[in-house]
Amino acid sequence: MEKRISGHTGLLALFGSPVGHSGSPAMYNFSFQHDNLDYAYLAFNVNIEQMPKAFEAIRVLNMKGGNFTMPCKNIAAELVDKLSPAAEIIGACNTFVNENGVITGHITDGIGFNINLQKHGVEVKDKKVVILGAGGAATAIQVQLALDGAKEINIFNIDDEFYKKAESTKEKLAVKVPDCKVTVDHLEDQETLAKEIKEADILINATIIGMKPYDDQTLVNKSLFHKNLIVADTVYNPEKTKMILEAEEAGCKVVGGKGMLLWQGAVNYELFTGKEMPIEEYQKFQSK
Ligand code: NAD
């Protein structure tokens, strides 16, 4: 066995529940080892009520950084010392970094999503974006789109508990990023959806529709796709959703959700270590 863990090894961890399925420990530990960095990354099953104690542990153990997943992202934002601009607007964080005892919370889902678009040659600046969904992933993307200079964001959500969240995001962005026009409509209003998609540069699905077991469903009638529309999905299982396949058939440029996951990890790694994550090497290692 390799002599990797020492008396100096710095600890990073994922907090949330459940965490057992997470790919983060494998990805970060591979990268630390690859880059010869003396860190170890674990996953701790922690619920909301236990988070104040988890924060005491983070401080007492002088943990270098880590991540928060459901259901702990909102409470984490209340327990950190500082928040990134996006995390402050959203009121949630999925990543923390401990610099000399000062813990900063970040939210990197939206950053990962936008970098994935960039890697596919798509810039969001000055673009009109239609986005379906108002949950955790959708909100992070909406805020990051606004911070990265999107001209207009049209949010559509079904009439459920998330609809209010879309309205709250619209109100917050009106104050924090007033140059970005934000509209919120019901997904059931197919006429407005068709009108907005017709004029849009980018269409994003950030709902659970398209992922297993909803993989035979799509929220967008394929007659609405036009050649100038870039169609992106947050769903990564399956890698190509029904919406992405139909958009491809219609001649649209498409961007799947897998890259969002990867680039979000790379952004986190850079926050933890100041280095680029060895993505290609990790992908090769994974496919072995
Ligand atoms: P969430 O529970 O916070 O939000 C769920 C969203 O789906 C809400 O907007 C809700 O209104 C919508 N929804 C639920 N049922 C619907 C229906 N029948 N019709 C239309 N809309 C419906 O979930 P989340 O964590 O934001 O995840 C949303 C999607 O984003 C999932 O598909 C998830 O796989 C994906 N995601 C991807 C990444 C990535 O890295 N690629 C990261 C996080 C989430």
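Cβ atoms here come from the backbone N, Cα and C positions, even for glycine.
Between the candidates ASN36, ASN94, ASN221, TrEMBL assigns the shikimate site shared with SER22, GLY23, SER24, THR69, ASP109, TYR236, GLN264 to ASN94. Among THR104, THR108, THR234, only THR234 appears in TrEMBL as part of the NADP(+) site alongside GLY133, ALA134, GLY135, GLY136, ALA137, GLY257. Closeness to ligand 1 is met by ALA134, GLY135, ALA137, these being the binding-site residues among THR69, ALA134, GLY135, ALA137 whose Cβ falls under 6 Å from the molecule. For the recorded site, SER24 (shikimate binding site), the DSSP three-state label reads helix. Reduced to three states, the DSSP call for LYS73 (active site, proton acceptor) is helix.
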